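According to Swiss-Prot, the protein carries these features:
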- Gly12, Thr13, Ser14, Met15, Asp16, Ala17, Leu18, Asp19: ATP binding site (BINDING)
Amino acid sequence: MPKERYIGLISGTSMDALDTALVQFDPLKIIATHGEPIPTELKKNLVALSTGTDNSIPSMGETDVALGRLFGEAVLTLLEKAKVSSDSIQAIGSHGQTIRHMPNGKHPFTLQIGDPNTIAALTGITTVADFRRRDMALGGQGAPLAPAFHEFLLRDQSENRLILNIGGIANLTFLPRDPEKSTIGFDTGPGNTLLDAWCLMNLNKDYDDQGQWAASGRVQEKLVAQLLAEPYFQTPPPKSTGREYFNLNWLKKNLNGEKFDPVDIQATLVELTARSVANCCRNFSMDSGSLWLCGGGARNHHLVNRLKVLCKPLRVTTTEEIGIHPDWLEAVCFAWLAKQTLEKKPGNLPSVTGAKKSAILGAIYWGEKFNY
């Protein structure tokens, strides 16, 4: 019997590219990957939609379809690259692009765009999307969803493990070795989002390559302490956040007109990410075990070095150790979530999101081949 194949799609809070992964399960194997750059104009529209200002409905509708088309084209490129027919794909799992994540209001909501109808129509492949809102409807945060996949992939009774996904926002998963204990996961706060935004504003570069610019600056201790005093960092899980909360306006408010050398701000923002993560790791009182890194931030050598220092005695590694490059783990996660949905299995963990119960997540947009 041929192995089942799924495709995972993600555009994270960093908005640098669309990540696509073609995955085979039982056992899990990545067949091919493809990163599709987001065109400048589309990225500009996405950034505008994801800020705290009011935006027009026509702009959102047009961007939704444009992003869906880009996702669909990225899938076709991936299939061509892998020399695989669309008929052999069970489903696509598409996270979309988050433009609002507001889990704590009177009527909590989260909104991801990247029209799955367009993806299914372009590719002919059944597409599963809108994974977060069912969890929210059950009283959960709708995020993070990755811990359920981390549990499937990395839980091990030989040691306690922490999985840190450093995207625009960083999220941490605790996988206890004790099978009687529940997995815990939450957003720790900013990952790359402030680093990238500050770099773009000051150097006109999308990101600080390997953290070299930050490494040349001096950490401003008083400012780090002020930033870490933000109430979110003291809030116990379940919790989740986004760039609606942690953005340049938040940073400027904390700077309060005080002037710093831009490179020192970059160094301080790396320290904010590293210390906020390390503080969360300490809460698990682990005197041994490992911290596994994934996401784009795993390529920031300066940040990784700070985590190694601050998170001792944990062994710090990356998901490369199990054969999955850190850049692709989240895309693989959404391929797995699509599989869970089509197999009528839950995709959330109430111990992570705070939902009343586990649930089958997502909506299904049928392709040309109806297997279910």
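Each Cβ is built from the backbone N, Cα and C atoms, and glycine gets one as well.
Computed from a predicted structure; not experimentally measured.
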Of Asp16, Asp19 (the binding-site residues), the residue whose Cβ has the fewest other Cβ atoms within 10 Å: Asp16
DSSP three-state assignment for Asp19 (ATP binding site): strand
Assigned element (helix, strand, coil) containing Gly12 (ATP binding site), judged by DSSP: coil
Number of other Cβ atoms within 10 Å of the Cβ of Leu18 (ATP binding site) across all protein chains: 24
Among Gly12, Thr13, Ala17 [binding-site residues], residue with fewest other Cβ within 10 Å: Ala17
CB contacts for Met15 (ATP binding site) [other CB atoms within 10 A, all chains]: 21
